[in-house]
Amino acid sequence: MLSPELGHYALALACILAAAQGILPLIGAQRRDRRVMMLAPGLAVGQLLALLASFLCLVNAAVTDDFSVQNIAANSAVSKPLLYKITGVWGNHEGSILLWALILGICGAAVAAFGRNLPSALRARVIAVLGAVAAGFELFCLTTSDPFARVWPAPMDGQGMNPLLQDPGLAFHPPILYTGYVGFAVPFAFAIAALMEGRVDAAWGRWVRPWAVAAWCFLTCGIALGSWWSYYVLGWGGYWFWDPVENASLIPWLTGTALIHSAIVVEKRESLKIWTVLLAIATFSFSLSGTFLVRSGILNSVHAFANDPARGIFILGLLAVVIGGSLALFAYRAPTLTAGGLFAPVSREGALVLNNILLCSLCAVVVTGTMYPPFMSLLFDRTISVGKPFFDATTIPLAIPLFIFMGFGPMLPWKRAQLWPVLQRLWIAALLAGVAFAVFTFGMSGIPPILCSALAVWVICSSVLDIADRVRLFRMPLSGSLQRARMLPRSIFGTAIAHAGVGITILGLAAMSQAQHKIVEVPVGTTEHLAGYDWTLTDVKQEPGPNYTALVATLEVRHNGKIVTIMHPSKRSFNSQNQTTTEVSIHTNLLADLYGVLGDKHGTDAAPTYVLRLHYNPLAPWMWLGALIMAIGGALSLSDRRMRVGAPRRAKSSSDTVTTA
Amino acid sequence: MMLRRLSALFLGCALLVAPVLVLAVDDPSEILPNPQEEARAEAIGSQLRCLVCQNESIEDSSAGLARDLRRVVREHVAKGESNRQIMDWMVNRYGNFIRLSPPLSIGTLLLWSMPVLALLLGLTIAFFSYRRRRTAPVAPPPLTAEEKARLADLTKD
Amino acid sequence: MSTPPENTTRRRLLMAVPLAGAAVVGVGFWKMLSGMQHGSFNPHNINAPVLNRPVPDFSVPDQAPGQGFTAQDLRALTQPVLVNFFASWCIPCLAEMPTLMGLKDDLPMWGIAYKDRPENAAGFLKHSGNPFTRLGNDHDGRVGIDWGISGVPETFLIGPGGIIRWHSAAPLDVDTIRSTLAPLLESLKKS
């Protein structure tokens with residue numbers, strides 16, 4: 001029986017197993033006792049199984065409407081559709097912490113499963129670090145946010161889920177985002193293990209990178225999904241607000257992006273080792289502090305911890321142990337790491353260093369902007385606001401050089417390079433970017449969007465040119481080029497595709513600054529004109545839903561008299577919570593979104609009028625499409641045989657003579 | 001207020017109690033008839049914080065106060081006041097707190113200089129570690145025969 | 001290591017910088033969290049209105065059962081007065097009323113009904129008691145904007161000559177009065 005008590009018990013078991021996983025393999029690695037080290041994979045799998053059992057118990061309680069479980073009673077209801085009963089499990093604080101722990105457990109088990117080729121001491125240490133972190137979170141879950149707490153007497157029905165959460169985009173956003181956050185625990189664990197061993201080498205770089213890339217892909221998708229969700233749910237086309245909660249996901253993304261680039265240098269040239277280790281620690285530290293500080297009430301005043309300060313203190317203690325401990329280890333051990341290969345400033349390494357500096361500067365700006373108001377308030381008792389205008393003014397100037405260097409960085413040779421030959425190879429991209437700039441100057445308003453769009457063209461074109469150059473397209477028979485393309489490592493394609501994805505996202509963002517909208521109050525039968533389209537409100541009627549009733553409008557959109565689409569924006573009134581939500585209707589042809597929203601009903605019942613919001617959002621889908629393409633590029637790199645997880649084997653002799661000084 | 005709560009959802013931490021989803025600008029009568037003036041009002045409004053919201057401008061917010069402030073901005077724009085005059089009018093009443101982009105002062109110096117500071121710091125570290133490495137190159141530990149073979153294997157492609 | 005020792009020390013210090021930075025931020029967070037627990041720190045405190053300046057130009061019409069007032073009335077005062085924005089639709093205002101009633105004998109209070117119908121505000125005061133000696137109605141909330149309020153209840157202490165001396169964007173309670181308002185009143189009376 002999957003009872004809540006069983007779930008609670010399984011969670012406690014997982015916590016004990018995780019603690020064992022965090023301690024025993026470390027002792028084994030220290031004493032070079034193979035038998036103790038070999039406990040690590042078993043413990044990791046055991047912990048995962050216990051967590052799975054615990055999670056299934058919570059899902060079971062949600063599906064069977066067990067309202068004696070407080071968490072279910074507060075967040076679910078009988079009338080809720082089955083899909084949302086399941087996804088609602090992680091739609092609240094307690095459940096989402098459990099999901100966090102579960103994903104961390106999956107990561108540990110994945111290292112156990114895919115890391116067979118790792119030196120046994122390194123693998124034991126990596127799994128141990130993951131276990132120790134997991135133990136902390138499971139303890140947090142058990143002591144301060146128990147998802148299985150019972151209520152008595154059990155209510156007849158739950159309080160229902162927030163209707164906004166009844167949305168497929170949001171249902172799958174948290175697991176993907178969390179996988180991104182938690183996935184960076186693996187590079188973190190590798191960094192800690194490397195510091196313990198006092199050894200970072202090319203093989204280490206090659207082992208870390210796939211995990212970092214995988215986590216980065218998930219984080220990219222997670223952020224994009226969240227942004228997309230707010231775009232179609234909020235009802236006015238907003239997609240990014242520079243809100244602390246969003247910044248909390250952007251910050252690890254920026255350092256994670258820096259990490260997947262600097263790890264290349266470690267792998268290829270054994271350089272930037274200390275820096276890469278620091279980035280791995282920083283990325284996971286930001287993931288952790290981001291997700292948890294937003295729940296502490298410091299950054300976001302949602303009622304999270306106001307009623308339970310114990311949570312905030314526990315979290316801070318946990319962060320102090322994890323982040324403080326790892327940075328202390330870094331301070332102690334990093335100076336002993338040996339420096340690696342030399343390179344000239346103008347080289348692939350040099351370009352990657354510049355990429356890291358710019359990405360980390362961006363990160364510093366976002367961190368400062370996010371943390372400044374609470375610190376101002378704490379230190380000087382002054383309240384200030386830092387919002388979109390600040391971030392726009394400070395991040396765009398840093399992003400522009402990043403985009404410029406993105407174009408030719410991948411074409412520079414390692415060690416020592418010359419700029420001029422590379423620029424010569426990119427003259428077509430430069431020309432196209434110049435033409436784009438001229439064209440956009442006429443079509444768009446505002447200098448930053450024009451400049452960014454032109455640079456996006458530059459990034460996309462140079463990515464294409466990079467591949468074309470490598471396969472010697474048009475400079476040899478096509479069959480020869482195809483042959484070369486087949487021989488080209490997939491990670492080269494991965495890089496080009498991911499970079500092109502960035503370009504596509506930038507184009508989308510820049511074009512969105514040119515969006516048009518109109519708000520009108522009209523009776524049925526009126527036609528409005530916006531962005532060359534004729535929007536006619538032909539009908540509004542009442543329709544029942546599973547646990548709501550909806551007011552549905554019919555909006556016919558014509559272009560030059562020809563019908564383009566019929567949209568049905570609606571307003572839903574939920575029975576159980578006395579709330580309304582707005583269901584936006586979006587028609588896209590991938591070049592622009594037509595976005596219609598039904599607002600309030602005014603006027604008399606005999607002659608009602610309706611508020612309509614009409615938006616024309618050029619290239620809006622590109623913002624998320626670009627993110628998807630980035631993630632596809634990352635996944636393609638992952639499929640490169642050279643990057644396969646655990647594929648490279650460090651020389652056997654070296655793994656056994658690892659110093660543990 | 002709404003957005004603050006919604007953005008909490010952004011990370012899936014649905015800690016909210018009862019968000020009310022209302023459209024930001026849902027009243028067409030707010031909008032100025034002159035498109036240029038309306039655009040100017042929107043530009044000003046997007047610089048002003050909806051005070052009761054987490055990090056939203058009054059243009060994006062559905063809070064009652066944001067609506068009132070939007071109306072005030074539009075009245076002032078219609079009167080032909082300059083952006084600066086309107087901004088000053090607001091700061092006079094609500095302090096710098098209302099500005100989403102805080103003015104440069106001693107207190108915000110670190111905030112505004114952060115892009116340059118971070119960039120300079122990064123470049124300095126890069127420069128010194130480059131110079132250090134070039135002038136005092138640390139001899140890498142000699143490779144074992146197996147490591148050499150492995151290196152050759154790794155760098156083949 | 002083949003690098004000279006002083007170089008290594010510098011290197012060690014450099015590597016400890018991230019830890020030091022994290023520690024500073026961590027202490028900051030700890031201060032915030034403990035401040036939030038004790039109520040001495042609230043990161044979402046909206047303390048927008050500018051203090052130590054004359055009251056803005058405004059006038060509020062009569063609100064039964066009191067008589068409306070203007071900026072001139074406040075500037076003509078020689079004694080401190082508390083100006084309180086309230087509304088009948090605001091639950092914290094209701095909770096605040098007993099505190100105000102307890103204070104009214106020590107400090108004159110003038111009230112402004114914010115975005116409220118006059119009859120509702122009058123009913124509210126009949127029900128909860130009326131601590132105000134003068135009463136105005138700010139029907140469209142414009143006077144509230146002139147004062148820089150972000151919600152109700154908000155309270156201002158006006159010193160002699162109509163200077164805003166103190167402001168609270170939260171419902172008044174006995175603790176706040178004792179810890180901040182009372183000492184301020186003392187110093188105002190002395191000067």
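Glycine residues also receive a Cβ, built from the backbone N, Cα and C atoms like all the rest.
The feature domain 'Cytochrome c assembly protein' is assigned by TrEMBL to A:90-296.
Annotated domain 'Cytochrome c-type biogenesis protein CcmF C-terminal' per TrEMBL: A:316-641, in sequence order.
The transmembrane segment annotation in TrEMBL covers A:97-114 (among others).
If you look up TrEMBL, you'll see A:126-145 (among others) marked as transmembrane segment. Taking Cβ pairs closer than 8 Å, the transmembrane segment (A:126-145) reaches residues 8, 11-12, 14-15, 17-26, 29, 40-41, 43-44, 47, 51, 93-94, 97-98, 100-101, 104-105, 107-108, 111-112, 115, 118, 185-186, 188-190, 192-193, 308, 310-311, 314-315, 318, 321-322 in its own chain, all 6 or more past its ends.
The transmembrane segment annotation in TrEMBL covers A:176-196 (among others).
Per TrEMBL, transmembrane segment is recorded for A:208-230 (among others).
Within the chain carrying the transmembrane segment (A:250-267), a Cβ under 8 angstroms from the stretch's Cβ atoms is held by residues 180-181, 184, 187, 200, 202, 204-206, 208-209, 212-213, 215-216, 219-220, 223, 273, 275-276, 279-280, 282-284, 286-287, 290, 340, 349, 352-353, 355-356, 359-360, 362-363, 366-367, 370, 634, all 6 or more beyond its ends. Here TrEMBL flags A:250-267 (among others) as transmembrane segment.
Here TrEMBL flags A:274-293 (among others) as transmembrane segment.
Residues 133, 136-137, 140, 143-144, 188, 191-192, 195-196, 277-278, 281, 285, 288-289, 292-293, 295-296 of the same chain lie 6+ residues outside the transmembrane segment (A:313-332) yet bring a C-beta within less than 8 angstroms of a C-beta in it. What TrEMBL records for A:313-332 (among others) is transmembrane segment.
Annotation source TrEMBL lists transmembrane segment at A:395-414 (among others).
Taken from TrEMBL, the feature transmembrane segment applies to A:426-447 (among others).
Taken from TrEMBL, the feature transmembrane segment covers A:453-471 (among others).
If you look up TrEMBL, you'll see A:492-512 (among others) marked as transmembrane segment.
Beyond the transmembrane segment (A:619-639), the same-chain residues lying 6 or more positions past its ends with a Cβ under 8 Å from any Cβ of the stretch are 210, 213-214, 216-218, 220-221, 223-225, 227-228, 231, 237, 239, 260, 490-491, 493-509, 511-512, 515, 588, 590-593, 595. Sequence annotations record features per position, and here TrEMBL assigns transmembrane segment to A:619-639 (among others).
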Top Cβ-contact partner of the transmembrane segment (A:208-230) among A:97-114, A:176-196, A:395-414, A:426-447, A:453-471 (pairs under 8 Å): A:176-196
Range from A:97-114, A:176-196, A:426-447, A:453-471, A:492-512 with the greatest count of C-beta pairs under 8 A to the transmembrane segment (A:395-414): A:453-471
The transmembrane segment (A:426-447) and the transmembrane segment (A:453-471) contact flag, 3+ Cβ pairs under 8 angstroms: yes
Candidate ranges A:176-196, A:453-471, A:492-512 - greatest C-beta contact count to the transmembrane segment (A:97-114) (under 8 angstroms): A:176-196
For the transmembrane segment (A:492-512), distant same-chain residues with Cβ under 8 A (at least six beyond the ends): 237, 239, 403, 406, 410, 444, 448-450, 452-453, 455-460, 462-464, 466-467, 470, 617-638, 640
Per-region confidence, the domain 'Cytochrome c-type biogenesis protein CcmF C-terminal' (A:316-641) (mean pLDDT, whole number): 89
